[in-house]
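Participant: Just passing along the structure, written as structure tokens.
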Amino acid sequence: MNHDVMNIFNPAAEGPSFDRIRIALASPEKIHSWSFGEVKKPETINYRTFKPERDGLFCARIFGPVKDYECLCGKYKRIKYKGIVCEKCGVEVTLARVRRERMGHIELAAPVAHIWFLKSLPSRIAMILDMALKDVERVLYFENYVVIEPGLTPLQPFQLLSEEEYMEAQDEYGEDAFTAGIGAEAVREILINMDLEAECAKVREDMKETGSELKLKKYAKRLKLMENFLTSGNRPEWMIMTVIPVIPPELRPLVPLDGGRFATSDLNDLYRRVINRNNRLKRLIELRAPDIIIRNEKRMLQESVDALFDNGRRGRVITGANKRPLKSLSDMLKGKQGRFRQNLLGKRVDYSGRSVIVVGPDLKLHECGLPKKMALELFKPFIYARLDAKGLSGTVKQSKKLVEKERPEVWDVLDEVIREHPVMLNRAPTLHRLGIQAFEPKLIEGKAIQLHPLVCAAFNADFDGDQMAVHVPLSLEAQLEARTLMMSTNNILSPANGKPIIVPSQDIVLGLYYLSIEKDNEPGEGMAFGSRAELEAALESDVITLHTKIKARWEGIDVDGNKITKVIETTPGRKMLVDLLPKHAKMQPEMIGELLTKKAIGALIDQVYRHCGQKATVIFCDQIMGLGFKEAAKAGISFGKDDMLIPDAKADLVGATRDMVSDYEQQYVDGLITKGEKYNKVVDAWAKCTDNVADAMMDEISKTSVGEDGRTSEVNSVYMMAHSGARGSKNQMKQLAGMRGLMAKPSGEIIETPIISNFKEGLTVLEYFNSTHGARKGLADTALKTANSGYLTRRLVDVAQDCIITEEDCGTSEGFEIQAVVDGGDVVVSLEQRILGRTLAAEVKDPASGEVICPADTYVDEDLAMAIEMAGVQSVIARSPLTCETRVGVCATCYGRDLARGTRVNIGEAVGVIAAQSIGEPGTQLTMRTFHIGGTAQVSEQSFIEAGSEGKVTFKNPSTVTNSDGDLIALSRNMQLVIVDTEGKERESYKLGYGTKLKVKEGDKTTRGQRLGEWDPYTAPVVSEVGGKVKFVDIAEGVSVKEETDEATGIASKVVIDWRGSAKANALQPTIVVQDENGEPIKLSSGSTASYMLAVGAILSVADGDTVRPGDIVARIPTEGAKTRDITGGLPRVAELFEARRPKDHAVIAEITGRVEFGRDYKNKRRIAIVPEGDEAEKVEYLVPKGKHLTCQEGDVIQKGEYLLDGHPAPHDILAILGVPALANYLIDEIQEVYRLQGVPINDKHIETIVRQMLQKIEVKDPGESTYLAAEQVDKIEFIETNERLEAEGKRMATGDPVLLGITKASLQTRSFISAASFQETTRVLTEAAVQGKEDTLEGLKENVIVGRLIPAGTGAIMRQYQVIADDLDADMLAEREAAVEAEGLPTEIAEAAAEEMAAEEGAS
């Protein structure tokens, strides 16, 4: 007793420490052990006294006292009676807090089924009984009897009997001949009598005997479930409940409102229902009521328990008085408002405030302006403590008064308290980690927070009314972390791409750009200045201008740190910037030798950061910001309407395009082109015209004239703003002074008539109407985009949250090949950029000399990356998170550089979350649009290739035919044109499409810009490889082709139609055969005949009986036919790739290398076989819908991994056929393409990290001697561990293939059930976990946040390591002491005392 009193004022003891959490089914005994008493009455509180009713839902005897240390009747009050149970009212005298943790229970008069295990699919109860869910429900809800024990009767076990059948059976066989039951009792009896081990053995036997795939799957699922029950220690009958727990009353409170009414939690209503029905059932059973009444009551009890656990899962939703569905226990956990996401993963915190932000250009980068009023409120406890320490107040109450009166000494104290105490600023939405940064507060008057202009980019903040929140880190550790990790000065680089994110924008850029302009013939040209002061004097007295070319003295340091001076040619403006550069050997004045656009400034800051370090960069950024603002203000740049110059060439360009368009119209009328082709060509012509007008306008605006005095005129202000990157873009200027161009309909199609006017001229009514159409869609899209982007980020974070750097080096030699990204001869991303900051997996050799540039396992920094690029290396093998062999997490060597720091990554860095944020954050900038034919108004179809460099032409896999004009026509689908230089090195290679007309021959010399080949971008031709007579096969008018007469032109053309609809036409296959003069089909070199199958939509270019020459086109397939598949762009495309969905018309990929053969058709599918060259492999067959355009002909040799059918490939196919590296490359290229289009740079590493998380499962192929089942999906780590165990025991190991899961699926299948439950489908995840008796080892971030521990990343990772080390040391010391005791034979009392001493030490620590 005395001991307790001593401890009363001490803080509560720390909670139990644990390192795993297990979830399982609760047995009735377990529920009783939790409970403090049975709830027998549905009453809550007495309406007059407001005291809880005895034995009711709020009973104080069961759940504990309402007031601290006071029993209900008031006999015992005060702490001295602690622990006594009042003999009058039965309440234990203790803290009222126990009402939050004590549970009760309800004894059910009849068992009921737990709805989660009954209705959560797949139904566990139905599966273990091997019955249909419908049948189980029939039994449970008292519609049918079930035979439990058939005895000697011909009835089957588990057979259902209706009421009549049951009566008849009883009459026929006698009442005791068999047992049948109804309701949950019957099901429970079956489950109790079930012998799981025997049942498992039986299912195993069945699996061996069955031949059907379906049955195998069914057996496997059932076997898995029964094994789960056996291994987890759960009993199947626990899925039927005989007693239900009642949660503590404080968690379902009853709150009095004014006016004598009460607000109550829905759970109380649901519990009341259960108790009422249960009591009524008890009474009916005692009264021996008729069976039918009891049965009805039992069914109602089952329904009320169902509603309590999961309202609305079965039957009608139970609603409250206001027709609103009641929130059941499941709803408490589910969704955004549920326990997981509302209270465990995100909490509201104390010591925080929010206010509007304003710009603070006079702040240093690490400061923010904090309003005094806010600071006073936020730092209250610190102020109280300091006032006390200084002796200005004696008690907390006095301090409070001082602060409330805002006495002068309080402000002095506040200044002291705030000094060097960082605060965190956050702007919602926090899309990446730079959305929260720490600053040192600077007290300001006013009520708005001041923010440094350079951090706006990271916060994505602007000052049009944005608000930000302030948080105060309280503990010393928190302050330390805020200062070292989160300070704005420590976050100069963006974690997404490693480029500086503290980059000037807008006014600053404009000021710096203006400073760096250089002009001819300015006053004072050629003067030389010795010092900064001379220069300023000359500027002040207008002897020179900012743009005059002058000579000046520059002082710097060389490599050894010695001072050097030299004379440089520069302008006064540029000299100011040069003077700001940090003193360093690499910082040369030539760095500021051209116009400073936003990009150039970014690159400059990057250089400063790389060479001079963080501190110098921060100072440099602050200085150029000040300079930029000052000079922009002094320059006084502004613009008026007249600065927008409309180019004179516009009229001619528009006129020329109008002529072209009328040409196309005429061709269409004459029947030379189809409607679709005309549309494509018109859109194309206008798109080109718009671009030409825009270029003419830019030329016009960027021109500067020379005046009579030889001075260059001022640069056009609008051009300056756009060119410097301060504001506006070429696209916006095009709309202001060029022509607005083509507009899109909301569906994404492009309207043929463009908007020829610009905003300066004004739009006509029709043009305005056309433009509103797409503009409105744009606004609607933006709203949807934000939500979609947020959801993508959430899924990404969830799948990657447990990916943490856990060790230095996993020691793998694996890696995957990295090359430069080349698009149409242009290098989009160089090899240098792609390998920077990675670790090489293999040595890199100089392709020319063959000497080793660097060995394997070298970390690639800027210098090495450049050296590799300069040596002309084509590709390197680098390590990647994808190939890392660390069990849990990733190793630092495979990951490489931490992009936000520019150094090797630290252990404990949460790279998964960083990857998710880097990919999700730019999501709002991506478009939502799904482009229809024609793409955007920007994209013109490419219809030719030009040589990008000089060299010699060679062909790979050539297959050509020379047409009547003497041009080569490409006939192979995998033919490549390669240009090699004099040393025989590949300079560029182009894949040639089927039917490309080549302008060069093998061995020709090329010059840069020469046309190499061309094709019609709007149709795919079918080319005859031989000359002869055309014979039509299966081309029947009205069945497989129809003559389409164009209404506009009256010209008829024959088009292949979908013939598969009619029954008799099913076997048709429209084909064009080329015959010789004897009427025999001509044989090709490959051995097949010259016959060409036609796809739906093909337009015939020849008639039956025509003569054709080699290279002639016999039919053409309009490519919108092949391209109507929408080009899913932007966000939906990224989501589609990460979710690993199969695209609608996905490509068919060849699984082996071999020759293509067409087999017998099957229904309306065409059978295609690939026959391998050797004998060892089997041939592979595919069924492809007829009428689809195939990319290969019969007899073609096709390589493994090539497409038989065009389209987007399904990622699963790539993984299965070509393996992980090919899949990774495909996903990286596709995802990066979307981001590159929007100009968002993201490092490949992030995408690789997410893909790694998508490949965490393995599908078992051969289980070996493991307990796995064939085709079962197993966790990769688990699989490796099982195999290691099998190998150690000398057993046969399991084999399997990696499986690709979409991010949602992967999140739901993580090893941690807590993480999965907090993501989506909470009930399903928890049901599954409970049946399996899963353990959560708390490895990821989410589960640790939920249970309230330090996350195992960053400082938390280190703390965890120390903990493990400390535990081991303790164990060793104890062992040593015991050994010593045994050796010396000390008396046991001393040993016990020593042990107690140890325990006390442990407790104290």
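Glycine residues also receive a Cβ, built from the backbone N, Cα and C atoms like all the rest.
Features from Swiss-Prot:
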- CYS71, CYS73, CYS86, CYS89: Zn(2+) 1 binding site (BINDING)
- ASP462, ASP464, ASP466: Mg(2+) binding site (BINDING)
- CYS810, CYS884, CYS891, CYS894: Zn(2+) 2 binding site (BINDING)
Participant: Between CYS89 (Zn(2+) 1 binding site) and CYS891 (Zn(2+) 2 binding site), how many Å separate their Cα atoms?
Facilitator: 63
Participant: Around CYS891 (Zn(2+) 2 binding site), which residues of its chain at least 6 apart sit with Cβ under 8 Å of its Cβ?
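Facilitator: In sequence order, the residues whose Cβ lies under 8 Å from that of CYS891 (Zn(2+) 2 binding site) (at least 6 apart) are ILE805, THR806, GLU807, GLU808, ASP809, CYS810, CYS884, GLU885.
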Participant: Helix, strand or coil: which one is CYS894 (Zn(2+) 2 binding site) in, per DSSP?
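Facilitator: The residue in question, CYS894 (Zn(2+) 2 binding site), is helix (DSSP, three-state).
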Participant: If you count, for each of the binding-site residues CYS71, CYS73, CYS86, CYS89, CYS884, the other Cβ atoms lying within 10 Å of its Cβ, which residue has the minimum?
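Facilitator: Each of the binding-site residues CYS71, CYS73, CYS86, CYS89, CYS884 was scored; lowest Cβ tally within 10 Å is CYS73.
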Participant: Here are some binding-site residues: ASP462, ASP464, ASP466. Which one has the most Cβ atoms within 10 Å of its Cβ?
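Facilitator: Sorting the candidates by Cβ neighbours within 10 Å, the top entry is ASP466.
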Participant: Taking only same-chain residues 6+ apart in sequence, whose CB is under 8 Å from that of CYS894 (Zn(2+) 2 binding site), what do you get?
Facilitator: CYS810, THR812, THR839, ARG879, SER880, PRO881, THR883, CYS884, THR886
Participant: Given the recorded Mg(2+) site (ASP462, ASP464, ASP466), which additional residues of the same chain have their Cβ within 8 Å of the Cβ centre, ordered by sequence?
Facilitator: ILE357, ALA461, PHE463, GLY465
Participant: From the Cα of ASP466 (Mg(2+) binding site) across to the Cα of CYS71 (Zn(2+) 1 binding site), what is the distance in angstrom?
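Facilitator: Each residue's Cα considered, CYS71 (Zn(2+) 1 binding site) and ASP466 (Mg(2+) binding site) end up 53 Å apart.
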Participant: Any idea what the Cα distance is from ASP462 (Mg(2+) binding site) over to CYS73 (Zn(2+) 1 binding site), rounded to a whole Å?
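Facilitator: Roughly 62 Å, rounded to the nearest whole number.
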Participant: Around the Zn(2+) 2 site (CYS810, CYS884, CYS891, CYS894), what further same-chain residues have their C-beta within 8 angstroms of the site's C-beta centre?
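Facilitator: Filtered neighbour residues, in order: GLU807, ASP809, THR812, ARG879, PRO881, THR883, GLU885, THR886, VAL890, ALA892, THR893, TYR895.
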Participant: Rounded to an integer, what is the Cα-Cα distance in Å between CYS73 (Zn(2+) 1 binding site) and ASP466 (Mg(2+) binding site)?
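Facilitator: Cα-Cα, rounded: 56 Å.
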Participant: An 8 Å radius from the center of the CYS71, CYS73, CYS86, CYS89 Cβ atoms defines the neighbourhood of the Zn(2+) 1 site; name the other residues of that chain inside it, in order.
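Facilitator: Sorted by sequence, the hits are ALA60, LEU72, GLY74, LYS75, TYR76, GLU87, LYS88, GLY90, VAL91.
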Participant: In angstrom units, rounded to an integer, how far apart are the Cα atoms of ASP466 (Mg(2+) binding site) and CYS86 (Zn(2+) 1 binding site)?
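Facilitator: Rounded to the nearest whole number, the Cα-Cα distance is 59 Å.
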Participant: Quick one: Cα separation, ASP464 (Mg(2+) binding site) versus CYS86 (Zn(2+) 1 binding site), in Å?
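Facilitator: Rounded to the nearest whole number, the Cα-Cα distance is 65 Å.
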Participant: Can you tell me how many other Cβ atoms are located within 10 Å of the Cβ belonging to CYS810 (Zn(2+) 2 binding site)?
Facilitator: 19
